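Structure first, commentary second.
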Amino acid sequence: MQGRVCQLLLVNALTCGLEVCMAAGTFYIPPLLLQAGMEERYMTMVLGVGPVLGLIFVPMIGSYSDSWRGRFGRRRPFIWLLCVGVLLGLQVLPQASHLAALLYPQRPRWLEGILLVGAACLLEFSGQACFTPLEALISDQFPGEEESRRAFSVYSLMISLGGCLGYLLPALDWSHAPTAAYLGGQEAFIYALITLIFLTCLLSTVFISEDRWTGGEGTRKGVSVSSTLSPSHWRSRYCGHPLLSRTQCVQMAVGWCVSLCVSALPRVYGVCMSLPAVIRRLFVAELFSWMALMSFMLFYTDFMGVGLYRGVPNATPGTQERLRYDEGVRMASVGLFLQCLISVVCSILMERWMVLLGTRAVYVSSVILLALATAVMSFSKSVVMVTVMAAATGYTFCVLQVLPYTLLCLYHSDKRVFFSSSKCRPSHQGESDDHTNSKPLLTPDHGKTPLLTSASPHVSLPLEREGEAIPVPQRGMCLDMAILDSAYLLSQVLPALCLGSIVQQSHSVSAYMASACFLSLLSLLCSTGVVFTRSDLHKLTGSKGDTPTLRGQKD
């Protein structure tokens, strides 16, 4: 038992460190872009580039992670690779102006903008994509319905703690500290501090006991583990020719990776298009919920600095307009810190709430609270009231971090019921529910039975209707996690593309909060179709006489 708790804490240590980077690191991205002279509408578009990259590559990462076989497990190689991108973005963002002056002294302002945009996109993409294999790793370690609910409650708790620390750091004035003055100011000091925190948390992944793919003791498909690291094995694996130089091997390996990514796109697209109805409904509801919350969170600093404090982000440093804007940014950091603090408390109580109230009541109440909070922020000019409403959204933030993944684990716990055709119905009370030992039929010569091939995302399971087999998707957990995470990524893209132009047309940053309120209402509407329990599957079934039954059941 102690070992299980230790593993859970080790996995979530990186979750906490990653959220510190995403909270504190991305907090300064809008001010840095605006201070570099970028217009509001272009700034919001830059915030959408990282999520767009995530939409393209996160499902591919999830698919490859599900099928990856290596001595470090299925998840950790992808986690480590994405963490490199996070670290690189953290180093470039605060030093963009110095790097631009060093590399291109003739036009440093132009190069500074490019470096800021590139570093911001890299940090957002790598950080957000890294959560997908982390979530899959938690699901691998704690697969049961009750286990996963408890594990993802801890996951939400660590994300909230990381957000608390990440938003607390910018709320404090570090500019007078000797170390901050040496490093180059407030932003540079904070980025150096969160880099140190992130590296410390990253070390915890070394001690995670993840299942390794072995073909015998100390072997991998008959090849010793040590021999897989030898140069000759590496050349024969990726180059196919033992006489090629190391440079040629690297070039061929890069080409192999690119071709692999391109060849994976049709497969990932096919799996995404064949989504089971339960995941599709959950995806739509989560998409609008995250869009509402991200419309508030992404632009809250600009809303406070410009809307409530009447500051000007690109004003000359030291002027009254710039000082008011900086004060508004710090106050926004306090609001987001309180949001994470509320989320910490809710994470501790979330498991009990879901047991007592049910997952549907918890989810719907969180969306209603978000709609109410953003409606108040749209009209209120009180800094205290707006800060209180920002803190209240911590409940919604906690629910969206826990409940979708808990539901996904529920769906995967009984794939025959949840992932069968939408015309299938679950077993009724009194009927046998023990189908976990049934094996899929993969015989190649059964006429109408679908075959499991690389081009087909379905396998035939023992579900019958008039002698015909009903196909059930053969799905990996990490890929479905990636699909749900795509809702989170897409929720940042659409507001980033649209809200900047809406604010410029309306001449009011209150449009951010009004849009969040409208999206909350849409989310509330979509939540009525989400399958929270097995009994909710009746919404997806047809008439009783036209539905198939599981083999061995009585109709």
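Glycine residues also receive a Cβ, built from the backbone N, Cα and C atoms like all the rest.
Feature list (source: TrEMBL):
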type     : residues : note
COMPBIAS : 428-437  : compositional bias 'Basic and acidic residues'
REGION   : 423-443  : region 'Disordered'
SIGNAL   : 1-23     : signal peptide
TRANSMEM : 42-65    : transmembrane segment
TRANSMEM : 77-93    : transmembrane segment
TRANSMEM : 113-131  : transmembrane segment
TRANSMEM : 152-169  : transmembrane segment
TRANSMEM : 189-208  : transmembrane segment
TRANSMEM : 287-309  : transmembrane segment
TRANSMEM : 329-349  : transmembrane segment
TRANSMEM : 361-380  : transmembrane segment
TRANSMEM : 386-411  : transmembrane segment
TRANSMEM : 509-532  : transmembrane segment
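Outside the transmembrane segment (189-208) by six or more residues, the chain places 7, 10-11, 13-14, 16-18, 20-21, 24-25, 28, 73, 76, 79-80, 83, 86-87, 90-91, 93-94, 137, 165-166, 169-170, 174, 177, 179-180, 183 with a CB less than 8 A from a CB of the stretch. Contact between the transmembrane segment (509-532) and the transmembrane segment (329-349) is not supported, since fewer than 3 Cβ pairs fall under 8 Å when only residues 6 or more apart in sequence are counted. Spatially, the transmembrane segment (287-309) is adjacent to the transmembrane segment (361-380); three or more Cβ-Cβ distances between them are under 8 Å for residues at least 6 apart in sequence. The transmembrane segment (77-93) shares the most Cβ pairs under 8 Å with 113-131, out of the stretches 42-65, 113-131, 152-169, 329-349, 386-411. Sequence-distant contacts of the transmembrane segment (386-411) (same chain, six or more residues past either end, CB-CB distance under 8 Å): 135, 139, 143-145, 148-149, 152-153, 155-156, 159-160, 276, 278-279, 282, 286, 289-290, 293, 296, 300, 304, 308, 331, 334-336, 338-347, 350, 354, 359, 362-363, 365-367, 369-370, 373-374, 376-377, 380, 418-419, 477, 480-481, 484, 530-532. Counting only same-chain residues 6+ beyond the ends of the transmembrane segment (152-169), those with a CB under 8 A from a CB of the stretch are 8-9, 12-13, 15-25, 27, 135, 138, 190, 193-194, 197, 333-334, 336-337, 339-341, 343-344, 346-348, 350-351, 394, 397-398, 401-402, 405-406, 409.
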